[in-house]
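The transmembrane segment feature in TrEMBL is assigned to A:27-44, A:50-69, A:76-95, A:101-123, A:130-148, A:183-200, A:236-259, A:271-296, A:316-335.
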Amino acid sequence: MFYREAGDFKTSYREDSQTFPIKFDRLRYYAVLAVAFGVIPLFINDYWANAVFVPFLIYSIAAIGLNILVGFAGQVSLGTGGFMAVGAYAVYKLMTAFPEVSIFFHVLIAGGITAAVGVLFGLPSLRIKGFYLAVATLAAQFFLVWLFNKVPWFYNYSASGQINAPDRTIFGVFVTGAQTSATAKYMFCLVMLTIVAVIARNLTRGTVGRKWMAIRDMDIAAEIIGVNPLSTKITAFAVSSFFIGIAGALFFAVYLGAAEVGEAFGIQKSFLILFMVIIGGLGSIFGSFAGAAFLVLLPVLLKNVLVGTLGWPTDLAAHIELMIVGGLIVIFLIAEPHGLAQLWRVAKEKLRLWPFPH
Amino acid sequence: MNDMSDGYITADGRQIGGVLMELKNITLKFGGVTAISDISFDIRQGEIRAIIGPNGAGKSSMLNVISGFYIPTEGEVWFKGYKRGPMRPYEIAGLGIARTFQNIALFDGMSVLDNIMTGRLTLMKSGLLSQAMWWGGASKEEDAHREKVEKIIDFLEIQPIRKTPVGRLPYGLKKRVELARALAAEPKILLLDEPMAGMNVEEKEDMCRFILDVNDEFGTTTVLIEHDMGVVMDLSDRVVVMDYGRKIGDGPPDEVRNNQDVIDAYLGVAHD
């Protein structure tokens, strides 16, 4: 009823090309921001932070990063786990080497270092495409995990081979380490996610995004139009890895606190984030959120239903849960190959005409 | 530029300028196959130049040489008074050469508007950081270019499909969007590779009108390849006729129509 454009006239190109052209969408977006920043921090506790919100926020960052590479620029990557590991180890080295610098900058610099590594492993993309590129990035995944296991300098020669996040504060509030409150973890990740999402949206709506999509849709035509394939692909790898590096840094420093590279950033992580992107919707920022929410929330929900409500034994529930999630992914991809974002778009199209569809 | 005469006046009274591009003794070989052998002609400012010929005559290869996508085995291309060296494909657009393709090469996942905006990529300068912030420069630039693109959208009468993904459009409209994308680059030379292929009569008429209007309105120099003889004879100011990689005729449509070699090779020999 109130979800329509009628009477909402656009008088400038800026208004016409804004992110949420429909007024209701715009209001809903502000409402979501207000709830996320103003309401949730008041009520959040350790369980909700650790089981739901913090992983959702961090995976959203990683999914946005991967979506830029796979969904917008069309370069398939299976190295996400490895790039997250780069972010994690970079932030660890920075935190231990420069304790006086704010963790906020450490996380950003860790993203920058990951971007450089991403560019390095993205160079083959000029020559190889599709599955072959996927295999090349898979090599990055295994190489990076091996590197962080084998070279003790990366984990500061600790006996266990693990890395542990030291206590760090922002504005006097602990954001890493054992004393961190749920609210602080949540807020730190939320701020990072907001920055990443806004940057991602701005990049994809403008020239850079068009270059990425042109390369994705038809690389030869893109080249004739004047898109330099090397610089465009490299930019995609850099921006994507920057975000993934930030996600890795947060995943280690804020969420896990202590990490072992093979376990935390193995190939499963690469697949998990790729699934998020595919289920959420390739080439959609909203899809990255939706995919991350789906794969983070669904297991938690199932666990609560199976163990909490139905009273099944925990181990049985854990196995069934994997099967259900897997099954749902398959069903989803058959029903809507373009992901949750497409479902959302279709629903919005219908809503615009509802309740008078003719 | 040895031939910098003042041009000529066309049959319909338009003034054609000096030589914009000159191709001198172009030969193009792929291994043992000679696609083009020793062809020379020029393209003048503001004219509509057609290249015709039977299948396999080397028309598309010629267009690729003009666009710089193929580097000729022998011969020189002079553009705007300078000899053009070898280039990378993505540098061509920066010179002011835009083209459409025989098989449409649009970006299916993007909207019509975004597709046409890609045509202006070489003209947009704002950096990565400015775009990431979307303050000042990038945003202003976007609006300025959007205005130019909207003019082209108006001109080609595709306003209603502005936000439609290109993949959903019918063939005729796709061809028009592709023309719009090429025009958006504000090219010095517009290359059209069979702009009327696969169209019905009405779509052909529309496309002819647009090509003439574009030439009239923006003074765009146009080079086109076309099979439909009626279209070619009506549209073009001068015609190059190719057969088996050689040039067998060059001149205004009427002259070419009466050239015996052309009649033999292309329009058919009278068997008696």
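Glycine residues also receive a Cβ, built from the backbone N, Cα and C atoms like all the rest.
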### Query
Quick one: do the transmembrane segment (A:183-200) and the transmembrane segment (A:130-148) reach 3+ CB pairs under 8 Å, ignoring pairs fewer than 6 apart in sequence?
no
### Query
Mind checking which residues reach the transmembrane segment (A:316-335)? Cβ under 8 Å, same chain, six or more beyond either end.
275, 278-279, 295, 298-299, 302-303, 306-307
### Message
Same chain only, please: residues at least 6 beyond the ends of the transmembrane segment (A:101-123) with a C-beta under 8 Å from a C-beta of the stretch. Say none if there are none.
### Response
75, 79, 83, 86-88, 90-91, 94-95, 136-137, 140, 144, 168-170, 175-176, 192, 233-234, 236-246, 248-250, 253
### Task
Output the single range from A:27-44, A:130-148, A:271-296 maximising the number of Cβ pairs under 8 Å to the transmembrane segment (A:50-69).
A:271-296
